[in-house]
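J.: Copied straight from TrEMBL:
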COMPBIAS  A:146-156  compositional bias 'Polar residues'
COMPBIAS  A:797-809  compositional bias 'Low complexity'
COMPBIAS  A:821-832  compositional bias 'Polar residues'
COMPBIAS  A:841-853  compositional bias 'Polar residues'
COMPBIAS  A:871-883  compositional bias 'Low complexity'
DOMAIN    A:560-666  domain 'TMC'
REGION    A:132-156  region 'Disordered'
REGION    A:790-809  region 'Disordered'
REGION    A:821-890  region 'Disordered'
TRANSMEM  A:243-264  transmembrane segment
TRANSMEM  A:365-386  transmembrane segment
TRANSMEM  A:460-480  transmembrane segment
TRANSMEM  A:500-519  transmembrane segment
TRANSMEM  A:531-553  transmembrane segment
TRANSMEM  A:573-594  transmembrane segment
TRANSMEM  A:622-647  transmembrane segment
TRANSMEM  A:671-692  transmembrane segment
TRANSMEM  A:726-752  transmembrane segment
Amino acid sequence: MVFRRDGSVRQRQQVVELEVGPVVKLDGLDWRENLFPSRNFNVNLEGLKTTKMKRGVNHSSSVEEIPMARLDTIGISSDSPESQYLCGANNNNLSRRNSLISQHSCLSGIESVSHHRVPEMYSDFEVGLYVPNKSPSRSNPHKTDNNGNDGSLSKQIDSARRDAVMTLSEKREKKAEIVRRNSERSKEQTIGIFAMTKYSISMSLQKFKETVITVAYSMDLWYGSLKLIEGSFGSGVASYFRFLRWLLLLNLSSLIISVSFLVVPQTLRQFYYNFDEVPDVTKNGGTYLEKSFFDIPDANGTVPPPLTAASLLHRTNPYGVHAEFSITDLFTGEGFLTATTMYYGSYGNQTFQLFEGYRYDLPNAYFFSMFVCYVVILITVSVSMARSYRKTYIETRGTHKGSLALKVFSGWDYSVATVKAASLNQRRIYNEIKEALNEEDFQKRDTSCLLRFTNITVQFTLNFMFFFLMAGIALSMWYLLGRHSAYLSDSTSNSHTMTMAIVTSLVMNILPIGFSWIVRYEDYRNPRTALYVTLLRTFILNIVVIGTTATFWLTHSDECWETALGQEVYRLFITDFIISVLLMGLVETFWSIIRRKFSKISSQPEFNIAWNTLNLIYNQTLFLVGFYFSPLLSVVIVIKLFLTFYIKKAGALYNCQAPKKSWRAAQTQTIFLILTFIALLGVFLVFGYLIVYVSPSKCGPFSGFKYMYEAILSGIFQLHNDNVFFITVLFLAKPGVIGGVLIAMCIATYILRAKAEAYTIEVEILNNMLIQEKKDKAFLFKHIKNTEKASQKMKGSPTLSSSSSFHTPLSARRQLKITTRESQSSFLSTPNRRTHGLQRKFNSTSQIASRSSWRYGRGNIRPDLLTDQPSTSSSSGTSGTKSDTSEMKP
Amino acid sequence: MGNKLVTFTEEQLNDYQDCTFFTRKEILRVHKKFRELQPDLVPRTMTKDDAVHVRVARDIMERLPELRENPFKSRICEVFSSDGKGNLSFEDFLDMLSILNEHAPRDIKVYYAFKIYDFDNDQFLGPSDLQQTLRLLTQSQLLPEEMTQVCEKVVDECDVDADGRLSYMEFEHVITRAPDFLSTFHIRI
């Protein structure tokens, strides 16, 4: 990276030197200075990555081919002077050229600026890009002339352009040729040992990646189902199911880790060791009991007999209650389940021997497995969030969102495959286009002061009521939890166990409907805003529910509050499944049956993507909170998601129809990922607090320690107070140091943000320049036409029809320009028009003049040549030109 | 693998894997799909020549479930066919699905999208191309004046050089920033 940066900086100087002629000042700055500082290396690298053909066309020649492909997609024409000097300057340094060029393309507007700057250049560019394709490249594949690095670069670029858009057959030919060429070359020259290892490493990495991808694809879960859903509902609804699948796979990783490192060892231990013997907490004071199953006999000199299944069913749970298994336990999560490996409380704090000679430290294992699970989840969520955010917000920045062009060009959902969905899709596009046509009047609707005031008042009141409601829900949940906790300590009745969970789940299902209902009265101007407000409210509701549960149990240090929290989460989980998946599914089905029977119009409901996805996020947050206290919750969530997929799929296919409005799947998906990430961060904060400030109860792997972090530090790192590392950690944890780090981070963020804002402004300026140029060009074309007319009059014999200038083929347009120039020169009263030297001289001067005027872009348009010329010669165009020039001047 | 009937040679498979965005398994799946269209014409084993020379006619190609409801189906076939008439050989077919695969990068998708919308092959999206696109998109529901209005607006939004039509650069400029382009320009095989 550093190398590139250096290289590119040097290049920039070269560029400026090379382009001595017209260096344009934009608001007092060299415009090149404006262009190049805005390079974004990440974007560049990304760009390179995407252009590189997946499983590259050629591993062997990757050094050479990728830059060319990159060139192609940037669209720099070999004919444009831009690429001539870019490439010419770096003939021998491909990677540097590459970096420069990708910089060149990094800003959205810039490409266009560079290509549209000068009309001549523009047309050249078009010729360069399209002429090879006009003679259809498919029918006569160009035999590439690969002369190596020293060959003419423009030819290479030409061939590279064809690379990206070649047909498969051509690609295969090209591949064969490259392989042949490379084998020849390798005979001639030997590669250094360093390069050799480098290539072999990168090749084996590539191969490994391929294998991984192949394996991943071959295990593509629910491929057919997703295809079916996509076909009948489009990609919007499918995005929900894809999100579900993503969560399932994510949780599967936690399941594998937690089961293999926690549940299995603990179960083995229970089988081999007498479970009822509660370790003496007072004796162990900070160290672990060394016990093993095989080699350490007990006091009588006999190895304890392994437990039988029958004795397992009749053992004592931490509350001292003998529990027998009953069906209701599956719903309450209590009773028999309390003492199983389901919950935190049943994991011991011993180190034991699973196999001869191998100690297994359960508290360490517990902490580390959980840590790895959470970190895996964090990394996955943040990476996908960042990627999705970049795709939908950064790469697509600068578009007007309601653009009609987008509706036309990316309106059709290519994945749709059923007749019904297709006709709905067509109707949707029709409606959207109609709406967009009418929108202009709509946007300019009168917003009187009174109306706005009432609007704001309504919004304010409703938001206030919303927060009031949230507080009420939190309080009532607290009350219910307190009652349940009181019952629990009495251990007399379990009848109220489910109350909290059922009430909460009902609230969770009913309130969002209310939210989407009240948002209509708030009259948000943009429907997107309304959707986001509803989403945010539902999300806050989720957070309130989960936060209250977690806070209650964290502050009520019960006998074994970790298990109790785990059970609470389990109950919420189960009731949510029953109510929002099963019950709602049944209600929907019932409703649609009634509709089908009694109403003539077959209008089925649409699949509510937003609500369903938020439900998934709620589930995931719940899982993240509960997982630490209940390792087997990962199994529950995986089963739950699995069943949810099938139930929802059946419900959707049976009850719903394709959405009538377009669902911006990409953007909304990013929002969902961001919400998941926020929830995850919240969970991390809670756990940080838990580890440092909350003392663990007398059950579970961390019993006997005052705080969890002590167990982690002393047990895992084998550290004590006098250890250097420990002292360093303590020093780093001091408020002053953390504060310093935070301040530094704030400053860094501020700088980056300021930079980003500057770039935004820059892009805006460039965009304005573009628009200005567009106007300029139209203006110039008009003049050229006028001149043309005048020249015809002068000559008396028309050579080209002036009206055709816009829609004539390019060659004709170029011809036209040349003629125009000639005619212009005639106006400049060049005595002999046929004098070629003079002619060329004139052309070049006028080109330079025009180029500089284009770059100024603010109305200084060749006053000597164009503005005055027609006004003296042609009578028809005079009035128009006058008014135009006055418009152009700022 | 030896007991199976060999559809492609190892070299062919390697080539396809390198030149498309598919894995081996997917390539075989594509072949199965291709064969299902016209089982009597397409052989089970594809030697090198068959993959290039055996073509499935356009009207049969349009019966592919993934294409059947697509308003641009005949245009898609035309763009990807190597004979220019819409008849697809296996390699063309593979190429088409590879471009429409979700793993294909944006740039290439944009290029082919442009080709698809460029009905008259003049390398520009002129008013006639736009009208044709709209006609197919809305099944001619729009009134003629509405159609011209939409075309004018689209051109107005995207046209940088004020020539009344969209060049590839202009199209790319707009479409690369369409947030949903990637998710909609995609066929799951």
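The backbone N, Cα and C atoms fix where each Cβ goes, glycine too.
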J.: Using a Cβ distance cut-off of under 8 Å, indicate which of A:243-264, A:460-480, A:500-519, A:531-553 has the most pairs with the transmembrane segment (A:622-647).
T.: A:243-264
J.: Have the transmembrane segment (A:460-480) and the transmembrane segment (A:500-519) got at least three CB pairs under 8 Å, pairs 6 or more apart in sequence?
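T.: Contact criterion met.
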J.: What same-chain residues lie close to the transmembrane segment (A:500-519): Cβ under 8 Å, and 6 or more beyond its ends?
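T.: Non-local partners: 462, 469, 473, 476-477, 480-481, 484, 530, 533-534, 537-538, 541-542, 545, 568, 571-572, 574-576, 578-580, 584, 611, 614, 618.
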J.: Sequence-remote contacts (6 or more beyond its ends) of the transmembrane segment (A:671-692), Cβ cut-off under 8 Å?
T.: 243, 374, 377-378, 381-382, 384-385, 388-389, 532, 535, 539, 542-543, 547, 550, 554, 613-614, 617, 620-621, 624-625, 628, 707-709, 712
J.: Same chain only, please: residues at least 6 beyond the ends of the transmembrane segment (A:365-386) with a C-beta under 8 Å from a C-beta of the stretch. Say none if there are none.
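T.: Residues packing against the transmembrane segment (A:365-386) from afar: 246, 250, 253-254, 257-258, 261-262, 265, 347, 624, 627-628, 631, 634, 670, 673-674, 676-677, 680, 683-684, 687, 701-702, 708, 711-712, 716.
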J.: What counts of helix, strand and coil residues does DSSP assign across the domain 'TMC' (A:560-666)?
T.: 82 helix, 2 strand, 23 coil
J.: Summarise the model confidence on the domain 'TMC' (A:560-666) as a single mean pLDDT, whole number.
T.: 86
